[in-house]
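As structure tokens, the structure follows; a few thoughts come after it.
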């Protein structure tokens with residue numbers, strides 16, 4: 001288990017927490033002075049009242065909560081949102097309402113999941129060509145939608 005330093009920028013901010021013993025993501029909560037209503041097709045930056053210090057070589061990703069997506073069509077437009085190890089500002093969550101009804105976020109609502117992962121840096125090697133594969137340049141749905149097991 002890695003240690004991540006965290007500062008409550010507001011006393012009432014909730015620390016991220018795993019909901020179950022084997023959860024990959026920690027629930028992240030809104031830290032609001034007043035409710036925020038997302039009208040259909042609108043987005044807002046929701047504060048968490050938290051700042052974190054990740055160890056070098058790690059990132060945190062913010063991801064949508066499946067229940068909010070399923071029941072209310074609330075998501076993160078930049079999912080996964082990356083928090084870099086050298087960022088020290090407040091963690092904010094951009095929420096978007098893809099639904100047809102207004103959705104209100106209240107203080108303490110669990111609005112996203114945070115997954116902390118190790119990341120490797122890469123060094124690109126510029127070459128004249130790439131090796132051939134069966135797939136080649138096929139992309140963007142080239143394998144179709146129907147199951148191949150039919």
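Placement of Cβ uses the backbone N, Cα and C atoms for every residue, glycine included.
Long-range Cβ proximity for residue 78 (substrate binding site), meaning a same-chain Cβ under 8 A and a gap of 6 or more residues, is found for 94. Per Swiss-Prot, substrate binding site is recorded for 65, 66, 67, 78, 82, 83, 84.
Annotated region 'Disordered' per Swiss-Prot: 130-150, in sequence order.
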All-chain count of other Cβ atoms within 10 Å of residue 83 (substrate binding site): 20
CB contacts under 8 angstroms to residue 66 (substrate binding site), restricted to the same chain and 6+ apart in sequence, sorted by sequence, are none
Please give the substrate site's span as the largest CA-CA distance among 65, 66, 67, 78, 82, 83, 84, to the nearest whole angstrom. 26
